[in-house]
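Here's the structure we're looking at; comments come further down.
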Amino acid sequence: MEKKPYEIKIIQKKAKYHPDPTIVFNHICGSQKQTLLLETAEINKKNDLESIMIIDAALRISSERNHSVQLTALSKNGENILSILKSNLKQKVQMFIQDTSIRLEFPHFQKNLDEDKKIFSLSIFDTFRFIMKFFKNRNKVQKAMFFGGLFSYDLISNFELLPKLKKTQKCPHFCFYLAETLLIVDHQKKTCLIQNSLFTKNSHEQMRVEKRGREIQKKLEASLNSIPVRQEVKNSMLTANMSDEQYCSIIKKLQILIRKGEIFQVVPSRKFFLPCSNPLSAYQKLKKSNPSPYMFFMQDKDFTLFGASPESSLKYDDTTRQVELYPIAGTRPRGRNMDGTLNLDLDSRIELEMRTNHKELAEHLMLVDLARNDLARICEPGSRYVSDLVRVDKYPHVMHLVSRVVGTLKPELDALHAYAACMNMGTLTGAPKIRAMELIAEYEMEQRGSYGGAIGYFTDLGNLDTCITIRSAYVEDNIATIQSGSGIVYNSIPEDEVKEGINKAKRVINAIQHAHHLV
């Protein structure tokens, strides 16, 4: 018999506001693992909007292999969640119990299920639903249960039958932290809030968590230290997993399949490697040189992931039940004079050329259509529409063609159903999506890991906000992997697509090089 949901206790404290969240993160978290910084900014003005930090996590929830989830308690607070799961899930999934962790094994998906049955099949995403089911947020406090982290590109193999690929990194299929201590910074109001979530009635644990909140409050009253500059790395050579010629050859082979009508579009990618012993400093450089709507720094026990992404993945607002996709396809450099200043006339001519380029428009409209199809599967009939079509977003160094597709999520579905139905985003795969992903697997021959997945958060109130993991670096054993791709259509020029892929990676590469004094 299942117990009644346990009520979450929320402890909130106001704290001193600081404008630079990267320095705050360094000051509070340092090299502490299972920490996360998420930032949002306005597209046009590039003003910071909100920063959210997971300073302490109660649980680390990860899927290291298909249909398997590992839940590890990081505090007594988290251990209570595991004890509740242990006594309530035995009949639902296979469970393997250790001292401070649980492994859940889920059934493999059945082949040839229709879409409706498939979306409701038991899956690794039900791990989060189980946790949320056993806890009650009576006062509807925002972010009371806050799951922040990463969906990898390869997560799709839990939901679709795709070729098995070589795993070259420790990056899990997903990795999320359930926040115990959050720092919520509103840059418009210049406020800072410490929020602790208690998932246990243990008085000693409550005292510990309250003390932790006071410690952070006190730390924020002190002057903040700048991010330390580390010594230069010895081997600074940039390498790649394939040459320009090899990448160009793959593009040409995929174009043959496009001409045969097997696919309409595909997004092959390649990896660049660079030593990176100071990821937070590199992230700070990237933020300054390339401010973006979504910026993130994730510090896990196995890896560090940071980036500045221009592209929303999937966004869902439970209040309105609106689900949103934001395809970006079409990129040009900003028009600048020789001295680096903006040339408004040149900039407008570059924008006009991009807006009227047949190849760019064909690629972009295919992806808008793909987004419409993705939402049609999960939205109420007649609610899906294109709210913005072929708009231009401008950043310091590049401009993009963007559109926005929205709809009303069916009442029986939640944000995780929506993400499962829409991943991976068409701008990182192609169309038709499944065949494009099969071809990507065939030609790239190894897992993508974080690249092309999504990073962000979802909450017990049902909201979800994620961005596509691009313009990013995945750092493992002090080596950064920077991955970039190009959208290939019938009339793409392979040599131009090679250059576009390099240009996309350059901003992150330059940030790492500047942080380590390599340039």
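Just so you know, glycine gets a Cβ as well, placed from its N, Cα and C.
Predicted, not measured: the structure shown is a model, and the values here were computed from it.
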Per Swiss-Prot, PRO293, TYR294, MET295 bind L-tryptophan; matching candidate in THR35, THR40: THR40
Determine, to the nearest whole angstrom, how far the Cα atom of SER486 (chorismate binding site) is from the Cα atom of GLU500 (Mg(2+) binding site). 7
Going by DSSP, give the three-state secondary structure for THR331 (chorismate binding site). strand
Which ones are near GLY487 (chorismate binding site): of the binding-site residues THR40, PRO293, TYR294, MET295, GLU363, which have a Cα within 10 Å? GLU363
Under 8 Å by Cβ from TYR294 (L-tryptophan binding site), same chain, sequence gap 6 or more: LEU38, GLU39, THR40, ALA308, SER309, PRO310, GLU311, SER312, ILE455, GLY456, CYS467
What span in Å does the L-tryptophan site cover, taken as the longest CA to CA distance among THR40, PRO293, TYR294, MET295? 7
Using DSSP, would you call GLU500 (Mg(2+) binding site) helix, strand or coil? helix
Run through the Cβ atoms and count how many others sit within 10 Å of the one on GLY487 (chorismate binding site). 26
Pairwise CA distance, GLU363 (Mg(2+) binding site) versus MET295 (L-tryptophan binding site), rounded so that it is a whole Å: 26
